[in-house]
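Step one of this worksheet: look at the structure below.
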Amino acid sequence: MGGMSGLRRVYLARPRGFCAGVVMAIEAVERWAEALKEKGELVVYHEIVHNRVVVERLQAKGVHFVEDLAEVERLRRERRLADTVVFSAHGHPPAVRRQAAEMGLTVLDATCPLVTKVHTEAKRYAKEGYWILLIGDSADHQEIKGTYGEAPERTILVAVHTHVGKDPRLADPRTVEVPDPERVVVLTQTTLSVDDTLATIAILKKRFPKLVVPSRKDLCYATQNRQEAVKRIAPKVEAFLVLTSPHSSNGMRLLELAQSLVGRAYRLERPEELRPEWLEGVESLGITSAASTPEDLVQGVVARLKAQNPGLEVVEEGAWETIAFREPKPLSPEEVLKGA
């Protein structure tokens, strides 16, 4: 671990780690897995949050994760299920809700309220005859699938400007076309880089002068806060560690931001992935984590750094968030169909 021996100070970004939506979703799964264990095992549609450690810990408690509700039929033959499905924090298309109800499943919708807000806007603008330009980083991201599914006939997927060409299903904001340029609105995936999202909206605004632009509040507060925390620390450090899954959009945007500001930024999911050569010549280090990364993983990294540097100074920089979301209530198949 010789590469870490010169480290003198670590700045821990605040806020970091779990946001209110993630806390709500994970706590809902844990509570209902325990409450329903006499009836059977719980099923979650998609990873509850994009973090492998979280998923593995829930699997150890008997929770099953599926990417297609058709998998529930197979599980019913192999396991004793509680006939309850939890929808992940990222949102889901209306067709999935209907499918769950038609299968007789009770639904716990753990979609983040901020994502639900975007879904509501998509439905409203589509009903009013607008064309929706939905900015995202991948057509495969669960949040994009969910929002697109609310109004597929009126929605055009657009790449955030830094990702143009990476996914051919996402249009270039500089050349995208809509059937009616007079009635067009922009919505966004909530976990993108705030700066990149605003830059992409500016490009679209030039192309479509009558573009309806939601308020900045439509960008996820947790995404903004974590990115601002990295910006505050960046001038004080020579390298950054970002604890995130490669599937976490908000986490990967933190990594890109840290790389752009500091130059040396490294991704890891678990403390044991820390590599000494990353910290060669580094005296001051910044650490942050994605909105779906458990805090104990961050503390595990700090413990490893302290073991190599007994006099290491650890500075908590910034303030924690105080927002909390209510846990979802179970919905019967009839209630789901009524609201679908």
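Each residue, glycine too, has its Cβ placed from N, Cα and C.
Annotated in Swiss-Prot:
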ACT_SITE  Glu143  active site, proton donor
BINDING   Cys19, Cys112, Cys220  [4Fe-4S] cluster binding site
BINDING   His50, His90, His141, Thr190, Ser248, Ser249, Asn250, Ser292  (2E)-4-hydroxy-3-methylbut-2-enyl diphosphate binding site
BINDING   His50, His90, His141, Ser248, Ser249, Asn250, Ser292  isopentenyl diphosphate binding site
BINDING   His50, His90, His141, Ser248, Ser249, Asn250, Ser292  dimethylallyl diphosphate binding site
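Sitting within 8 Å of the Cβ centre of His50, His90, His141, Thr190, Ser248, Ser249, Asn250, Ser292, and not among those site residues for (2E)-4-hydroxy-3-methylbut-2-enyl diphosphate, are the Cβ atoms of Val49, Gln142, Glu143, Thr191, His247, Gly251, Ala290, Ala291. Distance between Cα atoms for the residue listed as 'active site, proton donor' and Cys220 ([4Fe-4S] cluster binding site): 13 Å, as a whole number. Within the same chain, residues at least 6 positions away in sequence whose Cβ sits under 8 Å from that of His50 ((2E)-4-hydroxy-3-methylbut-2-enyl diphosphate binding site) are His90, Ser245, His247, Ser248, Ser249, Gly251, Ala290, Ser292. In three-state terms derived from DSSP, Asn250 ((2E)-4-hydroxy-3-methylbut-2-enyl diphosphate binding site) belongs to a helical segment. With every protein chain in view, the residue among the binding-site residues His90, His141 whose Cβ has the most Cβ partners within 10 Å turns out to be His90.
Counting only same-chain residues at least 6 apart in sequence, those with a Cβ under 8 Å from the Cβ of Asn250 ((2E)-4-hydroxy-3-methylbut-2-enyl diphosphate binding site) are Thr191, Cys220, Ala222, Thr223, Arg226, Thr244, Ala290, Ala291, Ser292. Note: the Cα of Cys19 ([4Fe-4S] cluster binding site) and the Cα of Thr190 ((2E)-4-hydroxy-3-methylbut-2-enyl diphosphate binding site) are spaced 13 Å from each other. In the structure shown, across all protein chains, Ser292 is the one of the binding-site residues Ser248, Ser292 with the greatest number of other Cβ atoms within 10 Å. The Cβ of Cys112 ([4Fe-4S] cluster binding site) has 26 neighbouring Cβ atoms from other residues within 10 Å, across all protein chains displayed. With the fewest other C-beta atoms within 10 Å around its C-beta, Cys220 stands out among the binding-site residues Cys19, Cys220.
Each residue in Ala20, Gly21, Val22, Ala89, Leu114, Val115, Thr190, Thr191, Tyr221, Ala222, Thr223, Asn250, Ala291 lies on the same chain as Cys19, Cys112, Cys220 and has a C-beta within 8 Å of the C-beta centroid of that [4Fe-4S] cluster site, without being one of the site residues. The binding residues for (2E)-4-hydroxy-3-methylbut-2-enyl diphosphate are recorded as His50, His90, His141, Thr190, Ser248, Ser249, Asn250, Ser292; their greatest pairwise CA distance is 15 Å.
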